[in-house]
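*Asks:* Take a look at this one; I'll ask things after.
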Amino acid sequence: MSNTFIDAHCHLQDPRLSDRVDAVLRQAHEAGVQRFMVNGTREEDWAQVEELAAKYAEIIPNFGLHPWYVQSRSEQWLHRLEELLVAHPGAGLGECGLDKARGDAPMKEQEAVLRDQINLGKRLQRPISVHCVKAFGKLQEMLQQLGAFPHGLILHSWIGPAEMVRPLAAIEGVYFSLSGHITRQSHDKAAAMVAKIPLHQVLLGTSSPSGFPRMHNPEASSASDQTLNHPANIRLVLQIVAEMSGHEEAEIAAAALDNSIQLFPPG
């Protein structure tokens, strides 16, 4: 168990994990996970993310407005977001994005909110973590308009079409973060996509507590049951990505670690 990891995307403030963070981190450390990019999703959980980062040095806070919560935002949401990011110079912006399946706002409104966040992240020189479900074409169009991203833009839990990898990878600063969500599509489709991602642009994340890999594996550990995910399962993500990509596990783990450190250098 020599590989070392940074979980590029998780939600330890989620109520399903927030009362057991000590145990979750301990188990993750045993699995080789050293740092955790904890992403906020709405104004109501930003303070929890901030508190976790203050309590645990290995947690890197990210603050953003997720597309599921666009309609519940306050009038001051963008100002509040900027204040938080300025107060935390090492924080990233996320989770933001587009979601045609579950987003609570019309797509035009989601696009405007995402554009505001991307522009803010670029202005403050922060990595940006982007969620996308069933809006891949629109996201590609937006990123091609707004790029480059010299401080990084992470396509979180990427499950987009294989043919989109090359044009997205051509945008400076774009990274593809892979999680157990890649097991929620056909193996052949996922493998075709994963195989096209350059190693210098790959990240590993768990998206926990969601994103539990759909596989029968006795090593799969769960914080409470067989569907609740947590950061120690990044080793399962590595196994899946290695099998799909044709690269050795050690090669992927080393590349993902180097890429994560470039985005979030140690304090």
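Including glycine, each Cβ sits where the backbone N, Cα and C put it.
According to TrEMBL:
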- HIS9, HIS11, GLU95: divalent metal cation 1 binding site (BINDING)
- HIS131, HIS156: divalent metal cation 2 binding site (BINDING)
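Describe the structural context of these features.
*Replies:* In the three-state DSSP reading, HIS11 (divalent metal cation 1 binding site) counts as coil. Counting every protein chain shown, the number of other Cβ atoms lying within 10 Å of the Cβ of HIS11 (divalent metal cation 1 binding site) is 27.
All protein chains shown were included, and the count of other CB atoms within 10 Å of the CB of HIS156 (divalent metal cation 2 binding site) stands at 27. Annotation note: HIS156 (divalent metal cation 2 binding site) sits in a coil segment as assigned by DSSP.
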*Asks:* Could you name the residues, excluding HIS9, HIS11, GLU95, of the same chain that surround the divalent metal cation 1 site, i.e. Cβ within 8 Å of the Cβ centre of those residues, in sequence order?
*Replies:* CYS10, MET37, VAL38, ASN39, GLY40, THR41, ASN62, GLY94, SER129, HIS131, HIS156, GLY205, SER207
*Asks:* Who sits close to GLU95 (divalent metal cation 1 binding site): which same-chain residues at least 6 apart have their Cβ under 8 Å from its Cβ?
*Replies:* HIS9, ASN39, GLY40, THR41, ASN62, GLY64, HIS66, SER129, VAL130, HIS131, HIS156
*Asks:* Within 10 Å of the Cβ of HIS9 (divalent metal cation 1 binding site), how many other Cβ atoms can you find? Include all protein chains, please.
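*Replies:* There are 28 of them.
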